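Worksheet: the structure to be examined is printed underneath.
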């Protein structure tokens with residue numbers, strides 16, 4: 001087989017383990033020198049391919065690449081940028097082909113969530129629709145866990161572990177304070193459309209009555225009266241109430257509890273502040289003293305508390321993506337399959353990208369308790385394997401070490417291109 | 001020496017390591033059976049002493065007590081309750097003596113911050129002013145690090161490590177997103193009067209230009225124009241701006257930013273929280289897309305990321321408190337003394353409580369850079385030893401294990417008492 005170059009890029013919101021996937025991709029490429037020459041990384045995702053901002057990954061030492069395994073964030077820069085259709089925006093695809101040709105790129109690895117899968121799907125049509133021989137593989141990543149087909153998404157397990165741990169720790173705090181001070185604690189977590197992360201908060205408690213006492217899912221229409229009754233009951237019974245609320249919590253009519261009016265580049269509304277909104281309601285309706293926290297980026301960058309299972313899966317999908325590419329499987333995504341529940345066993349299967357792109361996986365109704373405020377035993381059984389094991393990063397001088405890359409750009413061979 | 005009983009209680013806001021101090025106190029008491037019989041813990045601090053809600057700590061196994069070392073929150077319940085003066089509120093003190101007599105309590109250990117030191121000081125006057133032979137020791141604790149005399153306060157080092165780590169991790173996240181999305185990240189941290197915790201965020205960066213790019217201290221009057229210029233400069237130079245802001249950030253006239261009644265870019269009234277307030281200003285004045293997080297209880301309960309130095313010091317002050325009591329040193333506090341900087345060495349010295357109570361230790365001006373937005377090399381040198389070392393708790397089923405105490409109340413011997 002002839003040797004060609006590979007392109008890897010990160011897309012969408014980054015995670016604590018997306019760089020572990022990068023590590024898997026790059027290490028697997030380095031181990032296939034007969035087929036893969038250089039690896040280029042897109043500076044800021046697909047944009048780097050369009051503007052020919054290609055990071056020459058060959059300049060990075062094996063040690064630096066290995067350090068990606070424990071470095072959060074997106075080391076090569078991510079982007080929120082969705083390619084339009086080939087039919088209507090042919091120029092962009094022609095440019096991609098120009099850049100790929102100029103750098104002899106025949107393998108394309110795109111590491112992202114649902115929106116990015118759509119971009120990767122479009123790029124994977126280059127060979128069929130425009131005659132350029134490219135093998136495009138989508139590598140799954142999203143803290144939201146809303147990608148279909150795959151049993152879970154790399155990135156989610158670590159956020160789940162962080163939120164479950166933080167909920168347990170903060171619950172011990174408020175439990176000690178509630179006699180004379182704070183009665184209600186509200187933790188806002190990510191998950192715009194699907195309540196997977198909020199559900200993970202439910203793992204904090206194990207026995208009946210243990211916090212959290214209420215989870216507010218985006219999947220369940222918010223009913224203020226019912227919610228306040230639940231909070232009041234919890235304070236009266238346990239002395240305090242711990243709430244985990246999804247940023248995507250919404251009313252029956254679809255209005256978000258915290259609608260800030262911003263939209264991001266994908267046209268999604270930027271949310272923020274459901275915790276203070278809910279806390280304000282509680283103060284108003286029940287008069288209880290409250291505290292609230294918004295974990296925001298902390299939750300998805302908390303590599304210091306990553307799930308070992310998650311790190312292993314993130315790394316494995318990266319390696320498997322390269323295996324699929326080398327086998328010529330265009331337009332595919334390596335998906336995680338749960339083989340057995342106890343002991344938890346998983347493997348990776350190849351899934352056609354067309355089955356993945358632009359579809360969201362919501363929490364099944366059987367995962368939410370009948371009252372709408374908790375997780376069921378089925379949900380717990382699904383979630384628990386994903387947070388198993390610790391994979392602490394090395395610490396230096398009291399702080400987690402992170403990869404230091406040189407991020408050298410490859411020499412440009414083409415004229416400038418305006419997005 | 002005759003054998004008498006001891007009373008231990010937790011007061012004020014709890015920390016990730018206050019239970020490590022409890023562990024130190026209780027283990028030291030158990031190792032002095034000739035002098036100390038039972039240990040009682042106040043259920044919810046000093047209130048437990050007043051209402052005769054005494055937890056019989058002898059019912060707890062050695063294993064359960066050892067597990068306190070890695071359990072956040074206040075295992076026996078804390079309180080926000082300050083005793084009034086003996087002269088004007090004699091009834092409360094007579095009640096304390098009644099309870100102490102009924103349970104043969106002659107040793108009093110009060111584990112708290114500045115306000116609690118005041119309560120402990122008053123209790124320590126029982127022997128002199130009311131003739132009851134009690135030895136009262138204050139055991140230092142506060143995430144705010146604002147206790148005087150002691151070089152640092154147990155509880156602070158772990159929050160500092162958590163905030164420095166979280167700032168570093170979240171900075172990597174936003175650095176990957178800033179090309180096409182979020183440009184500014186604001187992390188709100190605790191510290192209503194003193195900027196110690198905010199300063200710890202400064203440890204995240206090591207080289208010039210590394211985030212955080214701006215720290216907002218309560219000690220430096222907030223100047224919106226100057227702050228916005230700094231944010232803008234940072235975004236233009238580095239592509240993004242990471243801000244650590246203290247909840248106590250305030251204007252020249254003393255008004256807290258969070259209390260200023262600001263509205264966001266869309267005219268919505270902010271619901272409290274200095275992070276969203278500051279983020280709103282940035283949107284309004286500069287138009288940058290932002291994310292914000294409020295760590296709240298998460299920061300002070302994050303035992304999973306505790307500083308080993310902090311855990312050791314928290315445990316040591318607990319043990320030393322017992323040693324002081326057994327030596328008859330009434331009205332004292334064990335304080336941490338920094339013996340040498342490099343290598344960092346510390347010991348514990350006895351400090352008269354009168355020198356501690358009702359005094360706050362602010363950041364020295366030499367710890368804040370001239371522009372008011374960063375920490376100096378002196379500050380870094382002071383802070384770094386406090387976050388050294390990791391002391392991960394044991395994990396079980398993916399989550400940190402915590403102590404499970406029976407919290408059996410001792411039989412009451414007295415009539416009810418109304419606070």
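Glycine residues also receive a Cβ, built from the backbone N, Cα and C atoms like all the rest.
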Seminar exercise, completed: Checking TrEMBL, the member of A:94, A:98, A:247, A:252 that binds substrate with A:142, A:143, A:144, A:190, A:191, A:192, A:297, A:298, A:299, A:300 is A:247
Exercise. Select from the recorded positions A:115, A:141, A:142, A:191, A:247: which have any Cβ-Cβ contact with chain B shorter than 8 Å?
Worked result: none
For this session: Report the nearest neighbour of residue A:144 (active site, proton acceptor) in space among the recorded positions A:13, A:115, A:191, A:247, A:300, comparing Cα positions.
Result: A:191
For this session: Report the largest Cα to Cα distance, in Å and rounded to a whole number, among the residues A:142, A:143, A:144, A:190, A:191, A:192, A:247, A:297, A:298, A:299, A:300 that the record lists as binding substrate.
Result: 16
Exercise. If you draw a 10 Å sphere on the Cβ of residue A:115 (site 'Important for catalytic activity and substrate specificity'), how many other Cβ atoms land inside?
Worked result: 21
Exercise. Given the recorded positions A:13, A:115, A:141, which one's Cα is the least distant from that of residue A:247 (substrate binding site)?
Worked result: A:13
Exercise. Hey, which of the binding-site residues A:13, A:191 is the loneliest by Cβ count within 10 Å?
Worked result: A:13
Problem set entry | Integer average pLDDT (0 to 100) for the domain 'Phosphofructokinase' (A:9-323) | 94
Seminar exercise, completed: Around the Cβ of residue A:298 (substrate binding site), other Cβ atoms within 10 Å, all chains included, total 25
Exercise. Considering only the recorded positions A:13, A:115, A:141, which residue has the minimal Cα-Cα separation from residue A:191 (substrate binding site)?
Worked result: A:13
